């Protein structure tokens, strides 16, 4: 047990396995997932950047999404893989603070970006004549920059606040990467309430984004149902399906990870669930966006 945070030089992360064979197996599995995410997101970034036909708002936002996904998976997985190979659980104090900052920043920015992308689909289907004016290149750059900047500022606030708390419950985290709720569990009594208040405020902002996405899709659905031809309806809705799938994966895994009933709480299940919400979206998103997307496939 450590007396306070000033004497903590490192944290202990939750290991995925306790036997050497299983550790090496999880390393191989993570390496495969990580390489898939690197290749998938890397291909999307290069294809969109190098192809002038794809310099449109939806692909510009998709490029940003791929960058965020690359960042978020690179923040958590390499450290977990290194720990599995070297048979250790350690992460330095500074390394832990960096993980908290980047995970919060990239996941927050991704939520804002997905909200902007739902607005893009709303304008494309409900106000097609105004698409060029509402989503000009300057407006798109401003929106994307706002998503990145807001995510970063929120992350900075939360990280500074969390790591200023006195910690007196040891240094073992029940998670395979550094995460604010896990660090709050190590805080001395009552000192963590301010950060809990900030997290609740953050959750309300996230809920606001979710409501905006739902409202955008309610309007899109109304507009699509008014299209007379079945082919037209199908074409209009198919442009929204990838985004809808990505949002469902992102929000669904996040909600399940943090709001699942306590009766379902076991250390091994918690680990699996945390992998689902932190590792699966970045690895699967490129696949969702490139499936049945002729423009992207052609450019690739």
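Including glycine, each Cβ sits where the backbone N, Cα and C put it.
Noted in TrEMBL for the protein shown:
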type     : residues : note
DOMAIN   : 40-289   : domain 'G-protein coupled receptors family 1 profile'
TRANSMEM : 22-46    : transmembrane segment
TRANSMEM : 58-77    : transmembrane segment
TRANSMEM : 97-119   : transmembrane segment
TRANSMEM : 140-160  : transmembrane segment
TRANSMEM : 196-218  : transmembrane segment
TRANSMEM : 239-259  : transmembrane segment
TRANSMEM : 271-291  : transmembrane segment
Surrounding residues of the transmembrane segment (97-119) on its own chain - C-beta under 8 Å, 6+ positions past either end: 58, 61-62, 64-65, 68-69, 71-72, 75-76, 79, 91, 143-144, 146-148, 150-152, 154-156, 158-159, 162-163, 177-180, 183, 202, 206, 209, 212-213, 216-217, 243, 246-247, 250, 278
Contacting positions for the transmembrane segment (22-46) when only residues 6+ beyond its ends and CB under 8 Å are counted: 15-16, 62-63, 66-67, 69-70, 73, 77-78, 80-81, 84-85, 87, 279, 282-283, 285-287, 289-290, 296, 300
Stretch of maximal Cβ-Cβ contact with the transmembrane segment (239-259) [cut-off: under 8 Å; candidates 58-77, 140-160, 196-218, 271-291]: 271-291
For the transmembrane segment (271-291), sequence-distant contacts whose Cβ falls under 8 Å of one of its Cβ atoms, 6 or more beyond its ends: 14, 16, 30, 33-34, 36-37, 40-41, 43-44, 62, 65-66, 69-70, 72-73, 76-77, 103, 175-177, 179, 242, 245-246, 249-250, 253-254, 256-257, 260, 297, 300
Reported mean pLDDT - the domain 'G-protein coupled receptors family 1 profile' (40-289): 90
Long-range Cβ neighbours of the transmembrane segment (196-218) (under 8 Å; 6 or more residues past either end): 108, 111-112, 114-115, 118-119, 121-122, 154, 157-158, 161, 180-181, 184, 240, 244, 247, 251
